[in-house]
């Protein structure tokens, strides 16, 4: 169209141009050509567009045409086909069939039906009826387990599982990684470490014995430390001038002098005619003791100690007659050379060197070191000579005197020792006295635990230890005046003495004097008794001349008035005993005439006045110290026998020459009236008889403790020490240059290393002398100081807390307030052996016997008294001990000295020989006062070290204190046995590495596994067998938690065996008893030597394949065999769980099962620590407190009730032998909680058990597996019913973040209100029939809350069950196999429930595994009765068995119906979902082993345990074939015993074993066998056929195991009369059930009537009464 327009326009333009003039023709032509070109282009474009549009239209028209045609054709032909197939063809077929007839045979129809039924059944069986086949175990590699977890800590957790091996008798491959990775704690350090790191590690390891040290204290103690290198073979003389020596590198051998003086040791303990000690009442057994052994010549037998195979030298001989030395110990790096007593001497010598000691300095050292330093060693000029000038020739030896130290150390290799000089301890004592007292307290505790406790418990040297108190009583006799004794007796006569003992305690208020004593007033004591004691204490250190004076013996009259001291005149009422008198005391006048004049002036009778005067003078001058026996005393006082001290210089005895004790100088009285101070008393400060008595008792006890006025002033002593330390002489000695003491290291006079830095210098360089001036010498500009102080903040100075009024008078007042007067009747046991010491007793009047228990059992002395009493009380027996008299103590003596020093247990019994009156200071009072007046520890250590005999000193030098951290290895299997170990505190695990014989592995690659032999708790010993037999270690010892041990070196043991053969006999009995005990339970040890003959059960031990059924989970539900956990930690997985409420129930359950138990939370610990709760000493105080609690209680429960980052939570984890992880079983997620992560990071090897808390007694199938799947560090688990009402809402609020605040509250209110109203409306409107129908219909499709049956029987308390399991007192039920005869198990279980007998663990075989599994699942008889009956009906159905028949190649049946019957009973439940612990056994015919199943789907392993050969095919499990467990052990009692069950009820329903003897000759004819069976007149028994022989052959091992189970201790064997029933008589369910019920009732009632029923812990109504409640719930004050 556009082209036409262009043409028209062109024509019009042309006509118009023609009409125009011709002049414009040229322009018109140009314009026409342009327009023509434009129109032509537009025309071309228009034509192209028109063509494309027309083409598109044509294509769409063609497509629509074909689509419409095709659809029409499809519809037409589809309709035709539909009518053809639906109408025409059926119509044609109908008409055709209506006229056609055909015939099919019956067999063809039957065959077609059979094919259809077979196909249908196969489809149904594979799709619907075989759902149980999906419940197969999932096998995952152990290394991939951690990667599949949802938590980020799974890998760390899987690594941690290696640190937590399973229990006794089980094997693990993870534990080997620990032993390989852990460094041997007693070996040398790594060779790749530098010397500096090794030096620091060894040094820090050695000073652990000091406890915690503040940084300034540590700096002052170690800033003068030196190092000394020694070549191999050099000898170091160990005397008091060295200081504290530490082996840093190399090995040193410690030697003790062997001389003939040792043969006189027997006279040391021969205490005859001792004041305060009655030796006439000793038993004749004392004379038969080791006196002959003590006289044994050690030198003559020293050659017997040398082992030819031992590389170490037994003894050495020194030249020039310096003596022979016997090897005591080999000291390795990180251990100190200095003994505990020597450490105490370092502190006490520093004080005594400045005149603060009560004893002469020449007697201060317990080791005789009389060698002069100047004569013994080279001069100082030689010390500074060059090393090149040193020569090792014998000519260069110095000339030694005849006396040598008794201890020397010989360098076994090139070694380096670090030395802290004695001056450092002197400075430390002067500058930080409280820290010094803390160190002394720590060392005293170690001395008591390591030396004394080991000597008492293990070596039986109780007499040697108690000789300390004997010597103390001999050297100090402090007798009270007779009138004070009569005053005490008079007071107690008014008290009711029917109870056998009475006490008079101080009261703050006044009370009747006849019943209670008044509190002493805050006034200074009189000058009578008290001041004469001051004379004794003051004169003890004045001069040696006064020591030789004999005391003045005077007769004490029987007057009863209080001697208040000599005064100018007497006042009216002086004859009254308790009348307060006001007086002024002047200086005591020695002139008696002056006093007589005073008396006469007052008008008093001369005779009476003289009597008072003599009494006053005698009491003031002598203070009743070392007085004679009184002639005119009351009958109660005539038993007091006093004599002079046997250690006086006039009284020479054998003992004084052998073992001089400096404490005999104390208590001497030298009348020095001019030394008495002037003391005035006002009217308000009046003294009574009570106060005088208390002050006299206090001064008597302080005298025994070594405390007097001169050594109890912290200000004077500190000032004197600091002034003396700052003197030029001492500054020169303390300067950091080589002092004379530093060159006492080597007889070659080699230069010592000055410090750590100098040790790296060249040995040829000359030692540099360092001169250091004090900081006070610096005078600097004030501006400079201010600028520095502004730039850098001054560090806070460390200051110790000191008592402001630390005075001797204040000490006496505080002690007097805590003293008590007690009375004990004759025969009363005041303190029991191995019980905690009560305190310090001062005998006022009477006598006491100090005895020890002589038990027939060697281990009884090492066992806890609580355990003996608890076990004996269950059986109605009392432990009988024969008491052996050691010595007797009379009036004026003390008892309980050693146990009261640190408040530890008593080694002896203290029994009242007669009616005895004592003054008593309790342990709590002593601890409080010792902490307040800390200088007393210096005095105690000074006195104690000088009372030790040479034998105890030898033990102290040789015994080694070993500290192990958690997971640290003590020694490994195959190491040389160099000592015996005694566990002082903590817990150890004993592992043994065994090789697995596997035919698939090559000889070069031998698989090994670690078998746990047992665990060692406090008080147990190990290593005796290896030491006695000189063999290597047969096991590896790993610390479960932080532990302390005492090591008895092999050389010391051999030396003691020669000196004391009784020690060898004692240890031999102990080893024999251990071996016999191990052989009684060979399954616990796995020792092949313990297998008896014909014991086929022991030849089939469990292997690791038996536990591979649950994601390679280890056999961690096996509890400890005979292990009882001493400490238990309750730790939640996450916060918000009721830890404290759970712990309270568990502690109460422990008490109900007969265990003395205490629960510790943070409040309890803070209450005990007091003011040390938040300082640096809290850890030290805690460790001692926890060790003490383990001694007192059988079980200590640590309750982690603090946040995860608190120190108390870490302490609970570190202290637990068994850690209970609390978890809410209903929690939707089973992720690792924050507390659990802390547990994994702590690397503890303690046993970990998971506690799943359920509100009802029901476990959802698979719930436990969800918790255990990614927790391989969990050894076992328990299901506990515990209400979580209060904590559930809290947890739900934390989990559902959106529903918080008011929205959550409104949502809950709306839901509860609407649901309640809706239910009410429905119940009103709908009839009951419709409502029930709707509810029943909806319950099938809607998940509603189920109601579970919860039994209310008391004996089924879950906390009692947990307490019995953890304490090793579990009750086990073992059900044997026997087919249909096992239905009687139901009857026996019903009888057990009727008697109220709880069941904690269930095990079974065959039908016993089925019935036991049902009972373990629900723990009630009601729901399992119907299930067992239903299963019996299915098995007895003939049609079901016929449909399960197959071609009898392997078995007669396919096992499908049997599998389905078990699966329908247990469903998807796993064994770990059972409410109580359960196991079953099976026989692995592939590996020829017995397998124990405790994890996995219940139906599979119960089916495996019931797989009777021939009837059922073996169950395939990971390539192995499992058959009935009865072929190996039809009554698995051994496994139950290994799980820690003390009482086991074993029900045997197996067929009777036919033991009829056969007689048929050497050959046998089959026809004669048939004839013999049918011959009624034949006398020959029926010969078994081949099937019977095969059956008997299969049960050979089971028969021997059954006989062994019957003879196992603690097993109650039950066998109902079911012999007449066959194995497959399941149709006789009711009959067999009633047989079991009737027999069970009769059997159990017979046990009760015959008093043979075993003790059932927790069945009694009464619980143990404890003096300390399970919780000390104190409210903590705000900080």
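Placement of Cβ uses the backbone N, Cα and C atoms for every residue, glycine included.
What you see is a predicted model, and the numbers here were worked out from it, not measured in a lab.
Pulled from Swiss-Prot, these are the features on record:
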BINDING   803-947  nucleoside 3',5'-cyclic phosphate 1 binding site
BINDING   943-1074  nucleoside 3',5'-cyclic phosphate 2 binding site
COMPBIAS  1-20  compositional bias 'Low complexity'
COMPBIAS  261-274  compositional bias 'Basic and acidic residues'
COMPBIAS  275-295  compositional bias 'Acidic residues'
COMPBIAS  592-606  compositional bias 'Polar residues'
COMPBIAS  630-652  compositional bias 'Polar residues'
COMPBIAS  788-800  compositional bias 'Basic and acidic residues'
COMPBIAS  862-873  compositional bias 'Polar residues'
MOD_RES   300  phosphoserine
MOD_RES   312  phosphoserine
MOD_RES   632  phosphoserine
MOD_RES   634  phosphoserine
MOD_RES   653  phosphoserine
MOD_RES   661  phosphoserine
MOD_RES   670  phosphoserine
MOD_RES   680  phosphoserine
MOD_RES   739  phosphoserine
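Long-range C-beta contacts of residue 960 (nucleoside 3',5'-cyclic phosphate 2 binding site), restricted to its own chain and to partners at least six residues apart, with a cutoff below 8 Å, comprise 329, 335, 979, 1046, 1047, 1049. In the structure shown, across all protein chains, 1045 is the one of the binding-site residues 977, 1011, 1045 with the greatest number of other Cβ atoms within 10 Å.
In the three-state DSSP classification, residue 841 (nucleoside 3',5'-cyclic phosphate 1 binding site) falls within a strand. It is 55 Å from the Cα atom of residue 994 (nucleoside 3',5'-cyclic phosphate 2 binding site) to that of residue 936 (nucleoside 3',5'-cyclic phosphate 1 binding site). The two recorded residues residue 1062 (nucleoside 3',5'-cyclic phosphate 2 binding site) and residue 898 (nucleoside 3',5'-cyclic phosphate 1 binding site) have their Cα atoms spaced 24 Å from each other. Per Cα geometry, 943 is the residue among the binding-site residues 943, 977, 1011, 1028, 1045 nearest to residue 917 (nucleoside 3',5'-cyclic phosphate 1 binding site). Ranked by CA distance from residue 841 (nucleoside 3',5'-cyclic phosphate 1 binding site), the binding-site residues 977, 1028, 1045 have 1045 at the top as the closest. For the pair residue 936 (nucleoside 3',5'-cyclic phosphate 1 binding site) and residue 943 (nucleoside 3',5'-cyclic phosphate 2 binding site), the Cα-Cα distance reads 11 Å.
Listed in sequence order, the residues of the same chain lying 6 or more apart from residue 898 (nucleoside 3',5'-cyclic phosphate 1 binding site) and placing their CB within less than 8 Å of its CB are 448, 452, 465, 466, 468, 469, 837, 906, 907. Take the CB of residue 943 (nucleoside 3',5'-cyclic phosphate 2 binding site) and look out to 10 A: across all protein chains shown you find 26 other CB atoms. Around the Cβ of residue 1028 (nucleoside 3',5'-cyclic phosphate 2 binding site), 18 further Cβ atoms fall within 10 Å across all displayed protein chains. In this structure, the C-alpha atom of residue 822 (nucleoside 3',5'-cyclic phosphate 1 binding site) lies 27 angstrom from that of residue 943 (nucleoside 3',5'-cyclic phosphate 2 binding site). Shown are the binding-site residues 841, 917; the one with the most C-beta atoms within 10 angstroms of its own C-beta is 841.
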